[in-house]
Structures are given as C-alpha cells and as structure tokens.
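So that you can see what the record holds, here are the features copied from Swiss-Prot:
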COMPBIAS  1-11  compositional bias 'Basic residues'
COMPBIAS  15-25  compositional bias 'Polar residues'
COMPBIAS  146-156  compositional bias 'Polar residues'
COMPBIAS  194-205  compositional bias 'Basic and acidic residues'
COMPBIAS  206-219  compositional bias 'Basic residues'
COMPBIAS  230-247  compositional bias 'Basic and acidic residues'
DOMAIN    25-79  domain 'G-patch'
REGION    1-26  region 'Disordered'
REGION    146-268  region 'Disordered'
Amino acid sequence: MGLAAPRKRTKISHDPNNTTWSRSTDGFGHRILKAQGWTPGSFLGPRNAAHSDLFTTASASHIRVVLKDDNLGLGARPKRGLLDEPTGLDAFKGLLGRLNGKSETQLVVEQQKRDDIKLARYAAAKWQAVRFVSGGLLVQESNETLVPPTSQNGQADSEVKNVPQGREEGLADDETTNSDSEDRHSVEKRKKKETNSRGSREKERKREKRQMRRDKKRKTSESTESEAEMQEKTRVQGPSEDVKPTEPKAPTLSRERRPMGRQMFRGRYIAQKKRALMDDKSLNEIFMIST
C-alpha cells in the first residue's frame, strides 16, 4: 500500500474463528442441560432409543444450518450440469490414449462409449421417471361357430357328414364373416338412431327455452307499459284532498317467477318519490307546514 492509498485501521478480533460461544460452559443452555443429566460429547435423548444405531459423530456436535437462498421447494435438488465434467475432457482423454500407443479403432470405441453415456445421462435428467411401455395388440374375438340344428328327416346330418373338411372350414368362415357384418350393421343402425334421438331432444329443449324467453320478455314489457299508463293518468288528473289517488291495479302475476332485479326496485322508488312531490299534502308534511 502506497502513501496515496486511504488509511484504514483494522482491528483483529480476539476470536477470529468465532468459537468462543460454542466452547463456553457458562451459558444458560449448557448449565440446564448439565442439570438434566447431559454431559459434553453425549447424544440428546434416551440412550437405549430405537434409532441409536443411526447416531454418528455429527449427532454430538453443534447443529449446522444451511442458508436457503433460492426459491426451490423442500427436498428439491439444485440444478446441476448435465455432464458434470470440465469442457474438453474427452478430447484430452483421446490425446492421452494416442500418446500411450492406442490404435484408432480403440479410441473410436472408447469415444462411442463416452457419447452413449452422455446421451443416457442427458435423457435421464431431461425426462425423469418416464418409462415407455409397449402397447398390446388389439385382436377381435372370434364368434363360436353355431352347430346347425338337426332336421326331422336327418338331411342336415347327412349333408354335414358328406361335406369335405376344406369346405367345412370355408363355410364356417363365411358364417363368421356374415355374423360379424350383421353385428356391425346392427350396431351402426343403433348408433344412428341414438344420435338422431339425441339431436331431436336437444332441438326440442332449445325451442322450449326460446319460447320461455319470449314469454318472459312479453310479460315484462306489458307490465312496464301498464305502469307507465297509470302514472300518466294520475299526473293528468292531479291529486285532490277529498279524492284519494287511485292506485294502479297490480298486473296479474303468472305462475312463473319473475326475476326481481335492481332496476325494478329503483324504478319503484323513483315512482314513489314523484307521487310524493306531486301531492300537496305530502309536501306540507315534508316541509312541516301546518294548514
């Protein structure tokens, strides 16, 4: 350090390794453990415990804590390199092999082994716990050939006996193919019927929903029009002291429940306010004017 450098005073600690607190025997924890029967160098807990065989020298030392400075979950392994070896080590091994007198064929074989190990480690790190299982083969179950019923005259039995073996196999194959084709046709027809019935049901449901919506809209529009007409009539006639204002007749409610929304309550409140302002008696009560 030259003369132009800033002057810094550094004081060397009496305990540079920070071991005074761990070696002290005057602390509260050390004293209370001794009072409970613990001695320095012994393990915590009962001596005849079931897990006493798993104790090591680290069990008698101080607890060491690892600082967690990442966002990984508990038990997660830190990300390691896929190869975990210095760059160019393969080429260096090949150079050493040439210097030791190995042939090119041996070097190529060793390099191929190293490449295979690299690929295996890369695949194990990228796709963990993936096991590819070959799928089985789907084989159609063959229907058992039905034995033709015996006729009254015994003609069927004689025909079956006289038919050669090759012809019998051909007939059995034809019967199985015919039965399979009939089964397929029946299954296809059943599926078509089911799809048609489902489509018709869905169409009917949609039609009913549309009709219900139209009925609701028509009823709400009729009720709003009737309320507006009654308000206009009361406004034209004007309030009087002797004659009480006729209240509008409530429209006949249908059995279907109408949704009571915020706008309907707000409209009622505004209508009541207008009626109170138009009535002289209510205005006098509001302004506390005695007549």
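Glycine is no exception: its Cβ is also placed from the backbone N, Cα and C atoms.
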Close approaches to the compositional bias 'Basic residues' (1-11) from elsewhere in its chain (Cβ under 8 angstroms; 6 or more beyond its ends): none
Using DSSP, what is the helix/strand/coil residue split across the compositional bias 'Polar residues' (15-25)? 4 helix, 0 strand, 7 coil
Please list, for the compositional bias 'Basic residues' (206-219), how many residues fall into helix, strand and coil according to DSSP. 14 helix, 0 strand, 0 coil
For the domain 'G-patch' (25-79), the mean pLDDT of the predicted model: 82
DSSP says what for the compositional bias 'Basic and acidic residues' (194-205): how many helix, strand, coil residues? 12 helix, 0 strand, 0 coil
